[in-house]
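The structure appears below as structure tokens.
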Amino acid sequence: LIENDGAARTDVTSRPILEFRARNVNANTCPFTNETVSFTLHPSSCLHLSGQSGAGKSTISNYIAGILPPQRGKNMLRNTLGIDIELCQWDDRIPERERVGMLFQQTTLLDSLTVAGNVCVALENCPTTSKDDINNGAKNLQQTRATIKRLLETVGLDYLRDGHKRPSQLSGGMARRASLALQLAQHKHVIVLDEPFAGLDFATAVGVAKELERIRRERGTALLLISHEPEIVDIVMGNAVDAKKDGNTTATGKSSSSLGSDSVVTLQRRQTDDEKPASHKLQHPSLFGKDASHRFVTKLLDYFLYSLPLILLTFLASGLAIAMLSSDILRRVDVTDTVLTVVQREVKPLIQIFTGDEDVSPMYTMMINMKVKGMLNTTIPPAKAKLYAMGMAKLFVLEIGPLITALLLSGRVGGSYAGEVATMQSTAQNKLLLTLGVSPVVWTFVPSLFASLIASPLLTMAGTALALEIGSYVAPKYGIGDAQGYRSEVWDSIFVPLRLRGVTSWSENEGWEHGGKSLLEYVYSSLDLRCTFSDAFADAVIEITTHPVFFHLIKSLTFITIIMAVSEVSARRKTELTPRGVPKVITTSVVAGSLIVIFADWAFSQLLLMRH
């Protein structure tokens, strides 16, 4: 059933903003039984789209609001619901971004921002606001705040008292008013209202309805209203209804007294502390979080600081365990008896040949054994120390360091991000961003991705450095070298020289010294990225990629990119996600991300084997 009130229009014959027509092409799947649903919206008009729950009202409004992509959404409605959108014709004088906004059935605000911050985001993404206006507004913060104050007061909210509140601190009526302020900030020609009075008490609903009626009358905004409350709808459409204006609630029923007579109990709404006159000057509401730089800094601190203790403790435990195990194995390895047996077997015949004696003097044997033992005692301990240092460096830098960090961050960062996006998906915050002209991917994924790309390598390097440093304290306890020698060997194992002709030329010519070459010849030779052992381009790529420092960094960046991409896809895969499905999204992203990271680690190991 469609009721269209155009009485408030100054010119009924004016060109319509929107002409819409949908046809029922499959009686078995179409949610409405009408053959066609058609209507026209003019400036200042209010169209009431009514019907039973599940009749397709929200589906049609979502299509008009642009929540469903025009062509893909049209095909989906036809194939799945049997609704053929025959006409959705907008006034071609109105740019696409200025056409329609939406007040959702589920009150939707961005949880990460204050009320003032939400309005500021809508204001800065207003389609009629130019980039110069945004920049000037950013420079003139006072002007921006004045505009936000005016918008909040337009819908009956107080800037200083209510602007600093988070969405969770608002009552139902205040949240609806704040959501309406977002739409007013956008100056859209049509606002779709999907059950805007659901869950509100009568007095609050009347207040919101009167604001809507005044806005369409004074600003010329057309309303597409979906509601099951005809008394409130009459107010929006300009019909007078008697209602209390003081915000009180009246309840009638049996009293609890022994007399058992009827009585009326009036509950006066208590004045909360934040509504009482303040004796001190109130602060301006925070707008932090509206800019991408704000969200980037927040995510960077979150991903790095909260993950750092987890990373350090894990690397401390793994570094200590591997260092103790390696040191104990090396200490137990003793080749002295084996070498002496070989020497006796191989050297004794030589002595017999040179001396001509069939029996070798025990003095010779003792001297040879002493000499061999001296040589072994001189060479084996440094060899063990070097082997230990190289093993620790290669193991943590090239292999398990980036992998351990990635698996931990798959749960810590990937799960956190997937949960955040899934929550926004299930509470229609992503749909809100779309109606405000903001890409949800740009809003959440881009700052989070850049923050993770910085945090992950730093965390990997911090954990790896701690594990390697632990090795310098463990080995001497087992008699394997000393701390200073260990650190030197680790450094040499990590920072190996690149075997590139340009690097070799630079080293041979001692940096900026030309070595007798002209400047042009010197620059050309320094830019030669071919390997010293090959002219193949693939060998040069492998040489650079598998260098311990670059390999460590590339693996870390690759793993965290995989984790974030999997989390993004997992969280946005279902457009109509419910809160019940959020835990499943988190689990899916963590498990899938970890499995792909393990596979990618195997691929990196294969690449490392290709190093010359």
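Each residue's number is its place along the chain shown, starting with 1.
Each residue, glycine too, has its Cβ placed from N, Cα and C.
Unlike curated entries, TrEMBL annotations are predicted automatically.
Quick caveat, the model's predicted, so the values are computed rather than measured.
What TrEMBL annotates here:
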- 12-271: domain 'ABC transporter' (DOMAIN)
- 246-284: region 'Disordered' (REGION)
- 303-325: transmembrane segment (TRANSMEM)
- 387-409: transmembrane segment (TRANSMEM)
- 441-468: transmembrane segment (TRANSMEM)
- 549-566: transmembrane segment (TRANSMEM)
- 586-609: transmembrane segment (TRANSMEM)
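Within the chain carrying the transmembrane segment (586-609), a Cβ under 8 angstroms from the stretch's Cβ atoms is held by residues 398-399, 402-403, 406-407, 410-411, 414-415, 417-419, 422, 542, 545-546, 551, 555, 558-559, 562-563, 566-567, 570-571, all 6 or more beyond its ends. Long-range neighbours of the transmembrane segment (387-409) within the same chain, counting only residues 6 or more positions beyond its ends whose Cβ lies under 8 Å from a Cβ of the stretch, are 303, 307, 310-311, 314-315, 318-319, 322-323, 326-327, 330, 452, 456, 459-460, 463-464, 467-468, 471, 475, 480-481, 485-486, 489-490, 493-494, 548, 551-552, 555-556, 559-560, 562-563, 594, 597-598, 601, 605, 608.
Mean pLDDT for the domain 'ABC transporter' (12-271) in the predicted structure: 79.
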